[in-house]
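Features as listed in TrEMBL:
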| type | residues | note |
| --- | --- | --- |
| DOMAIN | 24-404 | domain 'Major facilitator superfamily (MFS) profile' |
| TRANSMEM | 25-47 | transmembrane segment |
| TRANSMEM | 59-79 | transmembrane segment |
| TRANSMEM | 91-113 | transmembrane segment |
| TRANSMEM | 119-138 | transmembrane segment |
| TRANSMEM | 150-170 | transmembrane segment |
| TRANSMEM | 182-205 | transmembrane segment |
| TRANSMEM | 226-247 | transmembrane segment |
| TRANSMEM | 259-277 | transmembrane segment |
| TRANSMEM | 289-308 | transmembrane segment |
| TRANSMEM | 314-332 | transmembrane segment |
| TRANSMEM | 353-373 | transmembrane segment |
| TRANSMEM | 379-401 | transmembrane segment |
Amino acid sequence: MTDTVDDAPSTPATRERSDHPQRWAFGYLLSLLALALGVSGLPSPLYPIYQEQWGLSPLTITVVFAVYAIGALASALTVGPISDAIGRKPVLITAALAILTGLGLFLIAGSAWQLIVARFLHGAAIGAITVVSGAALLDVRPRDGARNGMVSGVALNVGIAVTALGAAAAAQWSSIPLRLPFAIVAAVVALMLVALIALVEPHVGKTGDRIRIARPSVPSAIRTDFAFSGIGIFTSWSVLGVFLSLYPALTQHATGHPSVIFVGVVISVMAAASAVSQWLSGRFNPRKTAVVGNIGMIVSLLCAIWALHTGLTWFVIADSVALGAAFGLAFGGSLRHLNAVTPADARGRVMSAYYLLGYLAMAIPTVTAGALASRFGTAAIFPWFVVAVAVASLVAAIVGLRSRDRPATIVDIDCPRPD
């Protein structure tokens, strides 16, 4: 996400970035980005255990999940200008410490409120890392903006895939399944923090900068394009919210697989498929890519109902792969389309509005589904959720088909994705 700050006269002492970034800086920043998003998905395969051992309702589980979006939204809309003014490292170090604090809360947690606080901290920290590390990648390689955006999107999904599967494996074969995954990841974050301290500041803030937060708004000239992309992120992220919170327990019940590792596989193949589809589709027309993704989500969601009804393990996993690929096309295509038509001077405001929709989609539909599931049962409300999202995806596809491509006004930029 790009935000705006007032410019100050440039001097050698206040240059915008380091003249000699370390060779390992780019790879490290990508790894930090992947780890951060991995932390966002870390509890997902463990939610069925929390439900079983702690007696948590579907509503509580979705609140624990969705509060992450509130923290992420708050930081994603504010930390960009802050890091422009004071530098990337202070923000990244603070965020890494917040992640460690949240992991510590998970380690000692004995009640739902501790999980909620930990998830809020992680949302704020991960929102900051996705924004600031994206900016730092541009600082290190300023001429590779489009490639950075695609590589970042892949790294995010790889982080979720690896961490979800690793957490599930650690929980499956441990006597402390709700402790060991967080302890392992905390050790990795601590090592990454040491490397972060050694990192040369990629962007030195300018003395006297006045921080300005971009207010969400959309120029009238691109409102149709924004409607297309906005519906795309709203539907795809609402699916992400429900599938990372309620769907794991639903697949366990439908297939008769009580193992945590099965849940980890379902989540990881979905994330991996999303990474692959975003990578392969990067060279194709973004609007058409998003339309294909929207249609693919409709088919995959309807097949999810069928897969759960049959209880066939291979069907559930195959549909997760298909849904992940469709998600990657729908979200990645809509983002690239919006990047291509947004005027440079409106970039911060438009992206703020775009991600505002995304985080609201991750929170509101997820909590609503959890509340209804607590009353009527997850299996009963899931088909209705699918129908609602399928209709929204169909609307997005129709808007996309009726839209016309226009000359790009900017190059692709790095923007954050959640969990």
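Every residue, even glycine, has its Cβ placed from backbone N, Cα and C.
Automatic, uncurated: that is what TrEMBL annotation is.
The transmembrane segment (25-47) and the transmembrane segment (353-373) are not in contact, since fewer than 3 Cβ pairs between them lie under 8 Å (pairs 6 or more apart in sequence). In this chain, the transmembrane segment (259-277) does not touch the transmembrane segment (119-138); fewer than three CB pairs sit within less than 8 A of each other, excluding pairs fewer than 6 residues apart. For the transmembrane segment (259-277), same-chain residues at least 6 beyond its ends with a Cβ under 8 Å from one of its own Cβ atoms are 41, 44-46, 48-49, 153-154, 156-158, 160-162, 164-169, 171-172, 177, 243-244, 247-248, 251-252, 293, 313, 316-317, 320-329, 331-332.
Taking every recorded stretch in 59-79, 226-247, 314-332, 379-401 and counting its Cβ pairs under 8 Å to the transmembrane segment (353-373), the highest total belongs to 226-247. Counted as Cβ pairs under 8 Å, contacts with the transmembrane segment (226-247) are highest for 379-401 among 59-79, 150-170, 182-205, 314-332, 379-401. Sequence-distant neighbours of the transmembrane segment (59-79) (same chain, 6+ residues past either end, Cβ-Cβ under 8 Å): 1, 3, 40, 43-44, 47, 50-51, 91, 95, 112, 115-116, 119-128, 130-132, 213-214, 216, 241, 244-246, 352, 355-356, 359-360, 362-364, 366-367, 369-371, 373-374, 416, 418-419. When Cβ-Cβ distances under 8 Å to the transmembrane segment (182-205) are tallied for each of 91-113, 150-170, 314-332, 379-401, the top count falls to 91-113.
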